[in-house]
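Copied from Swiss-Prot, the annotated features are:
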type	residues	note
BINDING	101, 242, 244, 246	Mg(2+) binding site
ACT_SITE	101	active site, phosphoserine intermediate
């Protein structure tokens with residue numbers, strides 16, 4: 001199976017994207033922009049990238065293709081996806097972000113942005129159709145490396161400026177924060193922003209070899225490493241992100257990661273959001289805990305953004321969205337503490353990190369205390385890697401076909417009281433435990449999300465769910 005659009009962007013094997021596929025899709029994107037009148041011939045198109053080995057070459061291939069299509073490519077270098085999107089909004093320019101986000105190192109991807117933000121599902125279909133039409137065009141598929149004017153400093157600085165005045169200069173004073181740098185494009189930017197608000201930042205775990213970090217399914221080895229750092233350095237928190245810095249990672253003082261949907265909820269409270277858009281996989285306690293209107297969507301930023309756009313069209317103000325991975329999106333303009341935060345409808349890791357740290361400082365309590373204050377159902381998630389797309393699709397289809405199939409497969413866990421198939425299949429067992437399975441849209445993986453009343457019950461349910469799914473012969 002070749003590269004295809006997943007939950008956010010085009011994804012595929014790096015060996016496939018380093019070649020004609022990237023040229024083809026960059027050309028198709030240019031054609032869509034021109035055909036729809038979103039840009040004029042000769043328009044600027046920004047290109048950014050993460051630190052994967054293949055990203056620089058894919059970016060160069062895309063820049064050459066953009067130039068052949070009549071665009072003017074601008075090289076923004078290695079920077080966070082939200083930084084690229086923000087700079088694109090400032091310039092009124094479309095953009096391409098070369099990143100595979102959190103997926104394994106042998107894969108990569110391309111995220112596409114219109115001048116006002118991330119493309120939607122209809123745009124993805126249009127780009128795919130144009131790519132099919134252009135696939136036999138030698139010019140559209142030509143592989144050559146191009147260049148663009150260097151705007152890396154301008155784009156990065158503009159993103160840092162967004163958060164410079166969000167908190168007082170001493171807003172994080174007194175915190176000793178570990179920064180797990182690995183191969184995140186935000187590793188130096190986070191240092192600048194956190195130190196700018198008074199935090200003592202200690203870098204750990206920097207790597208020149210790409211390390212995929214999935215903030216929604218943190219490995220046991222990574223959790224052990226985080227806990228060891230927290231103890232060794234007496235950190236108040238450890239912060240990090242995935243590869244392209246649109247998903248945050250934040251731990252408490254023990255090195256225990258905070259759930260991404262909790263970070264989103266904290267952010268919503270800090271900014272006094274009036275409407276939250278979030279996928280069905282986010283914690284079921286969000287509605288009660290937030291006290292505001294919550295719109296549930298399918299998994300994927302395009303669906304969350306569509307819900308925010310619809311809410312703004314209805315006249316709603318202070319609209320924001322977040323996913324279970326912690327990426328926060330602002331659908332409308334916000335203000336906080338005298339600072340303005342213009343809308344940025346793409347996932348961002350910095351805002352939720354700052355929000356949670358600031359809440360801890362203001363409450364004069366460790367982050368573990370902030371978690372306890374929110375009293376959400378205990379939610380965990382995991383995944384089965386190298387789970388073929390066709391196998392996961394067949395499994396979900398089998399389960400959706402009849403209640404008997406569901407009961408047969410999950411009888412060892414308990415009696416299923418209800419199901420929801422908005423995205424994958426969500427099972428509610430008698431007693432209120434929840435198990436949600438869905439195929440990943442980005443990699444050959446099967447995702448499993450659970451909720452229960454206490455940590456032990458949640459861990460047991462997750463282990464049971466993964467065991468059942470692993471042994472399924474469907």
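Every residue, even glycine, has its Cβ placed from backbone N, Cα and C.
Within its own chain, residue 244 (Mg(2+) binding site) has 50, 80, 81, 97, 99, 101, 111, 185 as residues 6 or more apart in sequence whose C-beta sits under 8 angstroms from its own. Counting Cβ atoms from all protein chains shown, residue 242 (Mg(2+) binding site) has 32 others lying within 10 Å of its own Cβ. The residues near the Mg(2+) site, meaning same-chain residues not in 101, 242, 244, 246 whose C-beta sits within 8 angstroms of the mean position of the site's C-beta atoms, are 50, 80, 81, 99, 102, 241, 243, 245, 247, 327, 347, 349, in sequence order. The local packing around residue 246 (Mg(2+) binding site), expressed as other Cβ atoms within 10 Å of its Cβ over all shown chains, amounts to 33.
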